[in-house]
Amino acid sequence: MSNFILGRIKSIYFALKGFFWLIRNENSIITQSIFALGFTILGFYLEINRMEWALQILAIGFVLAIESLNTAVEKVCDFIHPDYNGKIGLIKDISSGAVAFAVFTAILIACLIYIPYLL
Ligand SMILES: Nc1ncnc2c1ncn2[C@@H]1O[C@H](COP(=O)(O)OP(=O)(O)OP(=O)(O)O)[C@@H](O)[C@H]1O
């Protein structure tokens, strides 16, 4: 049982290690985090409601999580095949496509939340 708890604590430590690495080193995560901060300030300024906060937090987390997985895919690609390769290029494009899905979703959510406040 104590091994189980120790294993879980170690997993949390490794996850936090990855979390802080992404925030310190990955430009796409830093950029998305700046957008997230901007929308958080806008949310407080326009006093969006509880449900709108929930949707906004979900959209921000969704984009950052998919962006993080995209970074992991890019790192694996660069590790297993550092040279130019058509298949690696397609894998990276598909992984970036996943980010695009998440970002389009977040843009739609932002429109649904903020357009009524602007009108
Ligand atoms: N080894 C490769 N072989 C073929 N095409 C590649 C290769 N590396 C990158 N590409 C092409 O360049 C695009 C950008 O790849 P890259 O790894 O630079 O990602 P990025 O989105 O610019 O990420 P970051 O800014 O985080 O480095 C890929 O989507 C792919 O089309």
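Keep in mind that glycine also has a Cβ here, set from the backbone N, Cα and C atoms.
Features as listed in TrEMBL:
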- E67: active site, proton acceptor (ACT_SITE)
- E26, E74, K92, D93: ATP binding site (BINDING)
- E26, E74: divalent metal cation binding site (BINDING)
- 29-48: transmembrane segment (TRANSMEM)
- 54-73: transmembrane segment (TRANSMEM)
- 94-117: transmembrane segment (TRANSMEM)
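With all protein chains in the displayed structure included, the most crowded Cβ environment within 10 Å among the recorded positions E26, E67, E74, D93 is that of E67. Sequence-distant contacts of the transmembrane segment (94-117), counting only residues of its own chain at least 6 positions beyond either end whose CB sits under 8 Å from a CB of the stretch, comprise 28, 39, 42, 46, 48, 52, 55-56, 58-60, 62-63, 65-67, 69-70, 73-74.
Across the residues the record lists as binding ATP (E26, E74, K92, D93), the two Cα atoms farthest apart are 18 Å from each other. Among the recorded positions E67, K92, D93, the residues whose Cβ lies under 6 Å from any atom of ligand 1 are, in sequence order, K92, D93. On the backbone, the CA of E74 (ATP binding site) and the CA of the residue listed as 'active site, proton acceptor' stand 10 Å apart. The local packing around K92 (ATP binding site), expressed as other Cβ atoms within 10 Å of its Cβ over all shown chains, amounts to 16. Taking the C-alpha positions, the distance from E67 (active site, proton acceptor) to E26 (ATP binding site) comes to 10 Å.
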